[in-house]
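According to Swiss-Prot:
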BINDING   D11, D12, S43, N101  divalent metal cation binding site
Amino acid sequence: MAPLRILISNDDGVFADGIRTLAAAAAARGHEVTVVCPDQERSATGHGLTLQSPIRAERADELFAPGVTAWACSGTPADCMKLALFELVKHKPDLVLSGINHGPNLGTDVFCSGTVAAAMEGTLEGIRSLAVSSACFQWRQFQAAADLAMDVSEQAIHGNWPENMLLNLNIPPCAKEVMGPLRWTRLSIRRYDEQFSSRKDPRGRAYYWLAGEVVNDLESAGEGPKDWPSDVAQIHKNCPSLTPIQPDLFWRGPLGDLPQLKLNDQSVH
């Protein structure tokens, strides 16, 4: 295989073990690797951008494997990708990788994931992009996740991988030896019991910590292969999940399923 130009980011920051393992795995296969990632933890920032303050970037090659070019950026994961693609990287990447996230990115949680947002920036620019997450905060199979991410992306990029499709890979919290087979999956719909812990600062003013817990995982009902398991169900079976995601959120159901609206004596149709 000819070497690929690979751009890597994450939302856990430049010091995270996951991104360093992924970058090392890509470099070990002979690819040209550039890392542009946040200089600190930026989890759950979604696709947010920094517009009210400057974005700074500093070289961080010493934190990564030999041959990896790295930048630590003061912005969000989406900022990092934009800065990389339009300012820091000389040549357009062949592949964008985001991760390895310290924790799962399953179901509709992808909407708040900085890891998925970084990969989505690549997808929006017409670059094949894959997000990869270790589906546990304690058990982190980073090497196994990195190897699988590279196997999947190297094969997919030479296969039928549409430009507008992001691949979201989650690795189960188990040893590689007992891990089941990889399958294509659907996004589940995650429902939370949103809880806030209210406290007082030394001046008596209230502040809050968000501490929601998942209470339900529902099967999605959209178009697509009906025999695919949900990503959550796949992880519960100790099997890796691979979910295709596209940036087009447009609803494609029948017109009759939409709310009937009438404004100024005219029906909306």
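Yeah, the Cβs are placed from backbone N, Cα and C, and that goes for glycine too.
Cβ neighbours of N101 (divalent metal cation binding site) (same chain, under 8 Å, six or more residues apart in sequence): N10, D11, D12, G18, S113, T115, A131, V132, S133, S134. Same-chain residues with CB within 8 A of the center of the D11, D12, S43, N101 CB atoms, the divalent metal cation site residues themselves not counted, are N10, G13, A16, G18, E41, R42, A44, P77, G99, H102, G103, S113, G114, T115. Within the group of binding-site residues (D11, D12), the Cβ with the highest number of other Cβ atoms inside 10 Å belongs to D11.
According to its DSSP assignment, N101 (divalent metal cation binding site) is in a strand.
Note: S43 (divalent metal cation binding site) has non-local neighbours D11, D12, H102, G103, G114, i.e. same-chain residues 6+ apart with C-beta under 8 A of its own C-beta.
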